[in-house]
Structure formats: C-alpha cells, structure tokens
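**Q** One structure follows; several queries about it will come next.
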Amino acid sequence: MWDWSPLDTWIALTGALAAMSCALPGTLLVLRRQSLLGDALSHATLPGIVLAFLAVHWAEQAGWISRETLPAIRSAALFAGAGITGVGCGMLAELLRRWGRLEPSAALGVVYTTLFAFGLLLVRAAADQAHIDPGCVLYGNLETVVTDTVTRWNVPRAALLNGLVLLINAGLLCLCFKELQLCTFDADLARALGLPAEKLHLGLLAATGATVVAAFESVGSILVIAMLIVPAATAVLLSDRLSGVFAWALLAAAAAAFLGHAAAVMVPPVLQSLFRLPQPGEVSTAGMMALAAGGLFLLAWLLAPQHGWLRRQLYHGELQTRVLAEDILGVLFRLEELGAPTGQTIGTAQLSATLHAPVWRVWLALWYLRRMQWIERQDDGLTLTSHGRERGRELVRSHRLWEAYLAKHFALPDRSLHAAAAEAEHFLSAPERAQIAAELQQPAHDPHGRAIPPEPRT
C-alpha cells in the first residue's frame, strides 16, 4: 500500500508547475498551427543550454564564480542560452525558407534537427568533463528535485524556478492578451493595424525557449514536447473561447503531473504482481506524466461535449435518423397524393427497400416520427398525422421548388435534379422557399410536371 508523503507532493507539484508553464506558450503555438515549432524549440535549445552550462562550469573551474553564486549564475546563463538559441532557431528557419525556397515546415525541420544533433554531440563530448548526465538531459530527473532545496524556505529550487516562469508567462499573457489573440488568429489584420506581429512572434519564441530551460532539469528535453503540445491540444477540444482554452490547458497540465507521479509509484508493484517479476522495475515520473497527458487527451478526444468523437458520432447518427425520417414523411405524403387509402400506405419492409436503408435504421426513424407525433400505425400500415402531413408538404414543396430552380439555372439531367433536391429538401427553411418561389414567379409544377404543394399554414 502506498502512502502519499510530502516528498511526493513536492515532486508532483514541481512537475505540475513545469507542465503549466509549458502549456501557456504551447497553447499559442498550437492555435497558430505551429505545433512543430514547439517540438523544434524544445530540441533546438539544447545546444544553447549545453554551451551555457559548459561556460559556467569552466568559469567555476577557473575560479571566476564562487559556489555561493553558482546556482543563480547558472540559471541565468541557461535562460540566456535557451532564449538566444530559440530566437536564433526561428530566425534561421525564416532565412532558410526565404533563401532556400523551402516550405516553412521543411526549413524548420532542417534547422532544429541540426541544432539538436549538435547539442547531443556537445552532451556526449563534454559529459565526462562537466558531469552532464545524458539520461537526465533527455528524460529529466524529477524524483531528485527534493534534494536541491532553498534553505530559507525548504522548497525545491526547481519548484521555485518553474513557478516563477509560470507567473512570468501568465503575466505576459495577461498584459498582451488582445495583441496575441489578434496576431494568433489574423496576423495580416494585426499588421494592417500596426501591431508588431513579427516582434510578438520572436517574443513568443524567446518565452518558449526560457520556459523550456526552466523545465529542462526536472522534465528533460524530450518530454518538454509533451508539456508544450498535449495539454494545449486537449484544451482545444474542450473550449471554443481563447480564455477557456488557456484554463483547460493549465488544468490538463496540472492533472497530468499529479496523475503521472501517482502512476509512476503505483504501476511497478501492479506489474510485479501481474507478471510475477522478482522485483518491480523503475518507472520514470516524467515519462508517466507525459503518458498521463496523452491519456487525458484521449479522453477529451473521445468525450469532449462539442468536439469529441462520441459527440460527433451521436450528432451524425441523429442527423442520419432525422434525414431518413423526413424521407419517410416524403414517401407517405407522395402516396397520399396518389390516393393511397388511409391505413394501407406502406410497411417497414417496403420502406427499407424503397429508401435503400437497413431495417434497424428504418425502425429508429419510425420511432423518431412517432415521438414527434408525425405518423401513426393503423391496420398494419403507416399513415400521417395532421402535423406529419404539414411537415411532409414542406419537404415535398422544398424538393420540387429546388428541382425547378436547378432546371432554370443549370442544364442538368432529370436524375441529377432529383438527387440534388433529395439532399436540399432537408435544409431549406420557409424564408428560403419563399425567396425561391418568388424568383421562379410562383411555379405551379416542377420540371417533371408534378404539382408543387402550397406552403403549409403556420
């Protein structure tokens, strides 16, 4: 049984602060359709971070920096290196796009892969001399953040650093919210209004680079990608308002951090009991946080109230049922036009064959029609109620008016007229029917010679 301790709280809280600080600039990148840029920056800042780290290490070895001032100077140097490299990555990609005649994504791919490879080369070359752990560089070391605390408050240094970056990012976002909103959704309009869209973009790159280096030691270079992109992608599925997207991104990032750390501690014993392992293996907390973020995205993709897969499937199912139900109304109304006796119109099997729909879907459409009180069953047949007859008249009038409109303006064969009208009849409103009828000078018949029913009384 696992007991949650204060150390677990600090580990999860540090991860949450790192994730939320990454989620704010990451949301802007996702909304700008520049998600690859977040991936690029998290990789491209690596050489700047390593060079800054090496410079501070060599300065310390030369006696220029004391041990008391080392943490502050190293943090400032890492921020500067990441910011310079992040802005440089964006500028190099833009120059390569202009001069190399490459697509933006291709230019960015060339730049960030080259810089990341150079950073890995520096890590491997200087690992022994500067005590750089390549695994820590790539995957982070969240589990040990509690060993490096600020003595005065007994708070992990990484938590303070990531919390400060989160506050700075939130403050900059609040300060430039309207400008960033306009530049994100309509950069051309922002330029026309005199806003410095390019400078804001470079500022976003610099802020992203600084955020990456703040989360670098705790989360790792590779896993920063998940924190930049996945919470923002989750939030986009849950809200259509920019403020709501930011709020959901922060919530998803924090939830992923706490759930990820809990899973990292609880999963190994479960795996040991399931597979009868001699001892539980180690699970990376940062890796589980990224996995938890992916799990939350999957839940949002499935269950989001407006844009979730399940909601879309329900909407399409409802639309198909409504369209089929209205097709049945049209069939019953046309049968009445032909003088079919009441109660002896048509059955379920005949409707399925006529409308080329499976029987189960026809049953669902009939249930919908009975719930709307548009049809009723009499003597083993289906007949229209008064309300159903009015709705059927609307559909048939829409169908035949649209056929007449297409016949007047387009040289189409009769089969094409019917197919197009069979789709349009479900979506034409009363004002649109009135406008079409007025343009056609109130036609009495469609191109096939069938009478166009009058508009139902409201």
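Backbone N, Cα and C atoms are what each Cβ position is placed from, and that goes for glycine too.
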**Q** Given 339-358, 439-458, which one carries TrEMBL's region 'Disordered' label?
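**A** Range annotated as region 'Disordered' by TrEMBL: 439-458.
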**Q** Tally of helix, strand and coil residues over the region 'Disordered' (439-458) according to DSSP?
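**A** Output for the region 'Disordered' (439-458) reads 1 helix, 2 strand, 17 coil.
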**Q** In the same chain, who gets a Cβ under 8 Å from the transmembrane segment (71-93) while lying at least 6 residues past its ends?
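**A** Tertiary neighbours of the transmembrane segment (71-93) are 37, 40-41, 44-53, 55-56, 59, 65, 104, 107-108, 110-112, 115, 157, 161, 201-202, 205-206, 208-210, 212-214, 216.
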**Q** Cβ pairs under 8 Å only, please: of the recorded stretches 12-31, 40-59, 200-216, which one is richest in them relative to the transmembrane segment (159-180)?
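**A** It is 12-31 that shares the most Cβ pairs under 8 Å with the transmembrane segment (159-180).
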**Q** Excluding the flanking five residues on each side, which residues at least 6 beyond the ends of the transmembrane segment (105-127) place their CB within less than 8 Å of a CB in that stretch?
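**A** Contacts of the transmembrane segment (105-127) (Cβ under 8 Å, skipping residues fewer than 6 from its ends): 36-37, 39-41, 43-44, 46-51, 54, 85, 89, 92-94, 96-97, 133-134, 137.
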**Q** With Cβ-Cβ distances below 8 Å as the criterion, list the same-chain residues six or more beyond the ends of the transmembrane segment (245-266) that contact it, or say none.
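**A** Answer is 2, 8, 11-13, 15-16, 18-20, 22-24, 26-27, 31, 142, 173, 227, 230-232, 234-236, 238-239, 283-293, 295-297, 300.
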